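J.: The signal peptide annotation in TrEMBL covers 1-17. According to TrEMBL, the feature domain 'GH16' maps to 14-216. If you look up TrEMBL, you'll see 102, 106 marked as active site, nucleophile. The N-linked glycosylation site annotation in TrEMBL covers 110.
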């Protein structure tokens, strides 16, 4: 009897969590359009890849054609090689109002030979200040790696390739706002931020190394498209990312996340007692402490 109970419990847990579906690579023009400095975007292989160029005059960027409430979004990116200090390569979701929601990947450049820093952040109702920073376990400038966001009503998960590096749970019951009723566009950009990006602004961009080039491909979007003013997704509960198995990580995913936290995390706002004398309430639910 107990053997049967344990087996059934294991099967129930096994169906409770799963890896996101494999992204579908599409050309740039399927889902995205340039937003600024069009002449600093170069199209390769018929638009299946693009390069963003940053020089001393301007950076550049692009955004999704549609706005989305929940879904799975990913991008293959090859970061600026060599001396990239002062530069930021960004992949993020953001709504378009004053009390905006935002889900950020920001890749902070560094001097030659020093590792990139990946900073993530979550803004809800216009409030951010939830930075986490990690080193990557590979050189992100030599080949493409996939960076993804899974966003549903229960959780936001940041992935590097297939490894979860951060979870932000819906803690609305704890008084913590959660992004659920503001459609977001997806943005990508390469820009100069040498007032803060590298060693708090101590390392400045070396413009003799320009142009700085980041390369993108994949352009995967699998989301609930909604008008900018929509408050809910018309297909809520019917898409794959809404299903019970995507409401939590499975045991193997939690183990990988712990590995990232233990070996590669260099800053976590949950542990910053100077900024937060009391542990932010969502940190316990997110297993960040």
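Note: Cβ is positioned from N, Cα and C throughout, glycine not excepted.
Note: TrEMBL annotation is automatic and uncurated.
Give me the structural setting of these features: burial, nearby parts and distances.
T.: A simple way to gauge crowding: the CB of residue 102 (active site, nucleophile) has 18 other CB atoms within 10 angstroms, across all the protein chains here.
Its Cβ taken as reference, residue 106 (active site, nucleophile) is surrounded by 19 other Cβ atoms within 10 Å in the chains shown.
Within 10 Å of the C-beta of residue 110 (N-linked glycosylation site) there are 20 other C-beta atoms, taking all protein chains into account.
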J.: For residue 102 (active site, nucleophile) and residue 110 (N-linked glycosylation site), determine the Cα separation and express it in whole Å.
T.: 25
